[in-house]
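Database features (TrEMBL):
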- 67-151: coiled coil (COILED)
- 43-58: compositional bias 'Polar residues' (COMPBIAS)
- 184-197: compositional bias 'Polar residues' (COMPBIAS)
- 56-149: domain 'GDP/GTP exchange factor Sec2 N-terminal' (DOMAIN)
- 1-58: region 'Disordered' (REGION)
- 176-197: region 'Disordered' (REGION)
């Protein structure tokens, strides 16, 4: 090293012979100083080479460490990139799923909206139809109430109304009215019943006596009038009059007719004298002008019935029409009593009910006016 070299140079004068500091001119010391200069240059060169080798080794180490660091950073970046790719793939799947669910939800909402609109239109049409029917029924009932008040309210025991009590009329005046048309089985019970009086002599000539059991049942029903057939008054009439009177050969159709009469949805109309609209022309017709749909027998049918709004028409014979009309007259009268439209004495109402029951019995036995 340079330090050891300098120490050796300093020790040489102590070992060698003494030399003057300022040698004389031409002395032999000059060659020695030249050797010393050459040795110093070599040492300087070796020192520089050593420093250069040290710098080279340190730069190599720095390069190696830098490359390792870069490799580690690259590896970390690749890992992060893979994680981000996976995250992007997951998010894309989530987005596709959300878009699909959104499309399905939108489609279902539109379908539900269209369904609600269709249901609303259907309900509106049905409501409008019911409103028209209700208004028609209201007008018909108002006309019937007006006619009934004219017949009932003006009738008293001292001066009875002869139209309300046909038995008070002479046989020549008790004439059956032709062209009878019934709509929804709610025509005036009094006029229809009076027109169907088939007895040849006035009822006033007959002897009458109130049956205590029947009168007690009627009084109990009159205190709380109802159309429930479970009460004793209506239960007896159903068993003894209504049931047998509406018991026809065609059992299935007989049940439908009975239900329609009870619900006040039966329509009776003449066949020959009516002009049918387009809707009724295409309606299904059972039986025919020469065959009764209820009895199944070959009869000339002048009327036909429709049950509710079914649109199906059934041709009926005069005998079947008389039986149905008798039952409809009975139900119409007791509905008027239930609604408080009949203002008479209880006994008079009782005898009117008995007269209607007799009409049902006669119709069941086959008696009916020739005009039917």
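Residue numbers in this text run from 1 along the chain shown.
Cβ coordinates are placed from backbone N, Cα and C, and glycine is handled just like the others.
With DSSP states grouped into helix (H, G, I), strand (E, B) and coil, the compositional bias 'Polar residues' (43-58) comes out at 16 helix, 0 strand, 0 coil. Confidence over the coiled coil (67-151), given as mean pLDDT on the 0 to 100 scale, stands at 89.
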